[in-house]
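Enquirer: This is the structure, below, for whatever I ask next.
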Amino acid sequence: MLVASVNVNGIRAAARKGMGAWIESTDADVILLQEVRAPEELVAALVGETYEIVQQASALKGRAGVAVAVKKDFKIGRTSRGLMAGLEPGEDGQLVEPAVDTGRWVEVEVPELGTTFVSAYLHSGVADNVEKMAAKYAHLERVTQRLAELDAARQAGPAHVLVGGDFNIVHTPADIKNWKPNHNKTAGVLDAEIAYLDRWFGELGYVDAHRRLVGDMQGPYTWWSQRGKAFDNDAGWRIDYHMTSPELAEKATDARVDRADAYDARWSDHAPLVITYR
């Protein structure tokens, strides 16, 4: 089973810059896409007819958007668009996500692969913006609740869970080139954010499948700022993950980051994370 995850930073632009060639050459069974920023019909057209698309768009035009692309060789089971965990019913009894949280979470069960796949695009936040950080932490709380629910559901449903996507948080100094100038100063490198990953990879029992395969090496990074020479100097961040149930992590045999050969050859500011599971 070959699974890829990538923040495309706008699927229209990514397609113009070469995403299609990458999709064809990678030939993944499942692709988890973030920041598609386009309607489902267009996403399906740009990803190609080989795949079935399940997407959650953002309620905010031109923002976010996540999708799961599954090869049509496999039958799709349960799907769920949006993160409903931790929400209180409105006056009409319905659960409605805050607009800023939409387009950030979509779940797809693929029974033949024994896995529930989640494409997740977590808030980036701004360290000195109280409102944005409050939204990020509230969303992280709901993600934590849903992760626990998904783990419990493995008893009756697919045996494995794979949450892939752009978490917008590094976990350790090995995940960012410039730890010291960013630690507790920049969103994504705050101890309060990192504590959530500690909990997911600790108490909840999930595994960072990429880190498990590559060990304690620095990086490999998956995102580089557009500013300055970050890409050329490989001054990146590792903020894109395959977070899996323990048994699936044990099946992971190979991981790679499809970093472009040159700045001008990139089709996103993120590079795809591709992992093979036996």
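Cβ atoms here come from the backbone N, Cα and C positions, even for glycine.
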Enquirer: For the Mg(2+) site that TrEMBL lists with Asn7, Asp166, Asn168, Asp269, His270, give the additional residue from the candidates Glu35, Glu40, Glu41, Glu203.
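Expert: Of the residues offered, the record points to Glu35.
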Enquirer: Counting other Cβ atoms within 10 Å, pick out the least crowded of the recorded positions Glu35, Asp166, Asp240, Asp269.
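Expert: Comparing Cβ neighbour counts within 10 Å for the recorded positions Glu35, Asp166, Asp240, Asp269 gives Asp269.
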Enquirer: Ten-angstrom check, please: count other Cβ atoms within 10 Å of the Cβ of His270 (active site, proton acceptor), all chains counted.
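Expert: Result for His270 (active site, proton acceptor): 27 other Cβ atoms within 10 Å.
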Enquirer: Given the recorded Mg(2+) site (Asn7, Glu35, Asp166, Asn168, Asp269, His270), which additional residues of the same chain have their Cβ within 8 Å of the Cβ centre, ordered by sequence?
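Expert: Nearby residues not in the site list: Val6, Val8, Asn9, Gln34, Tyr121, Trp223, Ile239, Asp240, Ser268.
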Enquirer: What is the average pLDDT across the domain 'Endonuclease/exonuclease/phosphatase' (4-270)?
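Expert: PLDDT averaged over the stretch: 98.
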Enquirer: Quick one: pull the CA-CA distance for Asp269 (Mg(2+) binding site) versus Asp240 (site 'Important for catalytic activity'), whole Å only.
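Expert: Here the two Cα atoms are 12 Å apart.
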